[in-house]
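Below is one structure, written out as structure tokens, with a few remarks after it.
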Ligand SMILES: Cc1cc2nc3c(=O)[nH]c(=O)nc-3n(C[C@H](O)[C@H](O)[C@H](O)COP(=O)(O)OP(=O)(O)OC[C@H]3O[C@@H](n4cnc5c(N)ncnc54)[C@H](O)[C@@H]3O)c2cc1C
Ligand SMILES: Cc1cc2nc3c(=O)[nH]c(=O)nc-3n(C[C@H](O)[C@H](O)[C@H](O)COP(=O)(O)OP(=O)(O)OC[C@H]3O[C@@H](n4cnc5c(N)ncnc54)[C@H](O)[C@@H]3O)c2cc1C
Ligand SMILES: Cc1cc2nc3c(=O)[nH]c(=O)nc-3n(C[C@H](O)[C@H](O)[C@H](O)COP(=O)(O)O)c2cc1C
Ligand SMILES: Cc1cc2nc3c(=O)[nH]c(=O)nc-3n(C[C@H](O)[C@H](O)[C@H](O)COP(=O)(O)O)c2cc1C
Ligand code: FES
Ligand code: FES
């Protein structure tokens, strides 16, 4: 019997597959399509203290094997997430990873403290890597010292384990990973989007109203995989890997490179059933490769 | 009459299109396919002091809308390039941009000095961004201070204008651009490849013998375009833009974002005639867009 | 219920310049609730192009489990879609969104469409007529070559055509025709480019109207927040075109 | 001369398990110089998959301007290629590289192939026979289901088949057969997986031999340095499989 179970700080996952933050809302829409209890976990949309309307539209643009987005952390705000979205998710047997965003350290602390007390929130994912907001977001994720301090501050108040979401838009992602480890992070999630741009062919105007956007989808997978591999070489922190995952083979790649679990973002838009489909295919795929559990497979690329 | 002419330091280009370094060898192979005099310029393969055999194979791997390479600067060495490759290119009416690489500042200086004296070398492209060599290469390109000093050293000895080739694997490409400007660079070429990785689906082993490789091709275009746009906002240095260019629309995009000329790399492997084809299509395309010269179009995205 | 189905192409033809009529068959058809709903079409099995394309349902045949889309092959995705032939399959997600409220019309309705906003009005016209509502169709196109379904609309009611270059019907925009027409209708329905929707709202401030909006989409089902618009309700209120719309009552959406 | 041509598919069929025979027509055919040359095939008009696929020429018909490739549909690119039908076109770059030197054989040649290394040996066998050289064919496959062209090779000369699982011919590798055969030939030609090429060189150190190598390729024409191998000549010497090869005399390439 193939064992898909994965144990991570705060998270007892039936399987290693979860939708990535921002690509699954608060689960409501996808719950019309399939039973969310099938998922390993759910990473909900970034939550900020106040309601945010996000950026002007257009907010998405297609690129070769990828897409750009500049949603700008639109979300109903902490109170609505606590009062409506999280309670609605309680009906499913699935741990929630709450994605926390903000402009100042105080914002992060406020959201982290409150949201970590929700019964079904089993871990936090601290979004220090959103490229689409003018303040906060990515600046926290590109300087090791700031990242370390923010991690400390959030750890101090959180009642559940804290995962830090790393930005790929850095010279040395390992130094950021090390810094958040020093700050007390329980795990890392990576990668957020690569900063990119598309122009309208006729006018030369940026297609995305925010001018630049975050690149995601299959195009970024080689970069994401390389970063997971590098970070795994230098730390034992659990890693939830993501970036361009679209099928079961991609999942195997991330696990091989050292991720302990895998999130699926953009691919949900292409195939809304992609997560349960991958979960269904994992046992056979593991078996074909000669493994009996996810944990056996994790990091195999480092053991060759 | 549409004017494709572009004037850049050291370079009087018939048109803004040139093959990117490493994707065109020293021109010999492509000269069997078409007359190299049609090109705006040619960026030849990186040259180092000594003969280099480069990395073990496999050296390339395909990714979604892109490819990884880890050639590792294989080249016949300075003496052969001076004695054989450059003289052979003299028969064509096309300026050569010599790509210079090395492990130490002294290496760069030695190659730059000697190669800049070749009659058909009209500019140097200093490769401080090769991700595929263990020493030198990218380290020069990720630290502004080191980049500034290397630029100075090369400028001191070069008898032709010096363009610095920037790495995209940095937190803040503008700071590197500014640094090389301070160092006296005459121009910038960007971007080199993004560091990435592919794993074999069966074994989990990295497909590229060097483990990681440089990502190029259409997949990286959004990142390249964003970086050109950002750098153009902050400097007046001429920019030769590249990264995923595969057709005339891509060329228009890079010019719009602020590049003064455009290099085509990976697309040569897909369509060896891509450069002359684009050059042939440029006049009509400019006309459709309502421009009469390349120079009019350059940077239009910043003027909207 | 929203389904994802590999539907079978039963017919595809170019019915005007770069305008294709594509009919597909499958169970998803049975889920359709109202004219004006749309589907999200995966144009290739590859991840390039990556995103689905939103296309409106232009007519439904519940009996044969088929529905028809009409679209302009312009960019990369729609061009690929136009290469599908009868017998091929297409991955379709739908039906999505809320359509035009047919029950809101009382006696006479104006259906005002522009370009590729015209298609959903055809199923709407059919359904309104089936309920005994008189429909008048005011349709705008670029030029004569881009006009489609004129006869089909005529068969259902009074039909006026405008072309930008005057090569067919009235020269100019649909608003030029609206100015000439009586205001003896109770409800209007409109679909087309946003400036046209604006103009139509301006033309009939006192009438009940329903407008179908467009936005760039990611998921198409309400999860990604790509397709939002603010509303006139409050500073912080917004709608998602994909799941709250694409059809909204006049006066709601700030475009 | 190397040409890039949109060639017309005249025939495609699956001739063994996942093994396809693809025949195309066009002027590029006329440029072919020797068996063992290859072409670089663009499997889709999209940039996904991006790179061309190197495929050997398996037989040439100069009269009708057609040539045939035989390939295993395994990865993404070759699977897409296998979906092409007669009448479709394929973008082909070639002919590339240098083939087998037919003129080097004197009286009798051994042609030793493994798996998808077998195809180029067929054109080679034809040309050798046309010059009056006796050819013996030793061909290895995974299993019976993967065997192709056995009869065609038999028609040209003595033919021995090995399968790894023993489901057809001798069980094991081609080397098992080589051990049983007399060494009464002057020249051998071989194409297949690198370990097989190594084994063949070991088996006949005293014979003149020519081996066709494989490497991952970028450009396919010698410009990108993706496909290099070191040689026995010196520490700093190397060859490019695409433009210096893919065929090299035995003893030259360090694999
Ligand atoms: C609810 C809705 C219903 C629609 N119904 C129809 C219809 O019935 N017939 C029809 O021809 N068109 C319709 N459209 C517009 C259609 O979706 C676009 O023309 C199409 O997506 C363009 O794709 P492409 O491959 O041609 O262009 P590309 O330039 O390759 O598209 C690139 C990206 O931009 C998006 N995009 C480009 N233009 C639009 C647009 N106008 N609206 C939304 N996204 C866009 C694409 O979906 C894709 O993600 C509808 C749009 C919406 C939102
Ligand atoms: C000179 C030469 C001649 C060849 N002749 C034949 C032939 O006649 N019949 C045949 O079936 N195969 C032949 N091959 C092997 C063939 O090129 C690969 O099987 C094919 O490229 C795999 O592509 P894919 O889309 O199936 O695999 P994918 O896994 O999608 O390929 C990914 C990338 O790896 C490359 N690649 C994968 N396997 C190989 C390989 N073995 N050699 C080189 N590149 C590879 C692909 O070209 C592509 O760039 C030849 C290879 C070379 C170098
Ligand atoms: C539309 C969209 C919205 C996103 N919103 C968030 C977000 O709110 N918080 C966050 O941490 N990441 C967000 N992301 C990033 C994804 O969670 C993920 O890190 C990234 O897209 C890479 O994975 P993918 O290639 O599978 O999409 C968003 C991505 C997309 C495409
Ligand atoms: C096979 C290969 C070899 C390359 N070699 C070099 C090199 O020697 N020097 C260099 O500066 N850049 C080199 N590059 C980078 C390209 O010049 C270019 O910057 C990059 O590939 C992005 O452009 P593209 O997407 O059009 O290929 C190489 C790229 C490829 C694909
Ligand atoms: S397209 Fe995703 S919310 Fe509307
Ligand atoms: S494949 Fe480019 S040199 Fe051989």
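Glycine is treated like the rest: Cβ placed from N, Cα and C.
On a predicted model such as this, the values are computed, not experimentally measured, just so you know.
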Of B:127, B:260, B:268, B:271, which one shares the substrate site with B:45, B:69, B:70, B:71, B:72, B:73, B:192, B:193 in TrEMBL?
B:127
10 Å Cβ neighbour count around residue B:45 (substrate binding site)?
24
By a three-class reduction of DSSP, residue B:265 (FMN binding site) is assigned coil
Assigned conformation of residue B:21 (FMN binding site) - DSSP reduced to three states:
coil
Which ones are near residue B:243 (FMN binding site): of the binding-site residues B:45, B:70, B:72, B:193, which have a Cα within 10 Å?
B:193
Same-chain residues at least 6 positions away from residue B:265 (FMN binding site) with a Cβ under 8 Å from its Cβ, in sequence order, are B:19, B:20, B:21, B:22, B:23, B:216, B:217, B:242, B:243, B:245
Mapped DSSP class for residue B:46 (FMN binding site), helix or strand or coil
coil
Please report the Cα separation of residue B:70 (substrate binding site) and residue B:46 (FMN binding site) in Å, rounded to an integer.
13
Cβ packing number for residue B:193 (substrate binding site), 10 Å threshold
29
What residue among the binding-site residues B:72, B:243 has the most other CB atoms lying within 10 A of its CB?
B:243
Got a sec? Which of these binding-site residues, B:21, B:127, has the most Cβ atoms within 10 Å?
B:127
In whole Å, the longest Cα-Cα distance within the recorded substrate binders B:45, B:69, B:70, B:71, B:72, B:73, B:127, B:192, B:193 is 16
Assuming the binding residues for FMN are exactly those in the record, B:21, B:45, B:46, B:99, B:127, B:165, B:191, B:217, B:243, B:244, B:265, B:266, what is the maximum CA-CA distance in angstrom, rounded?
20
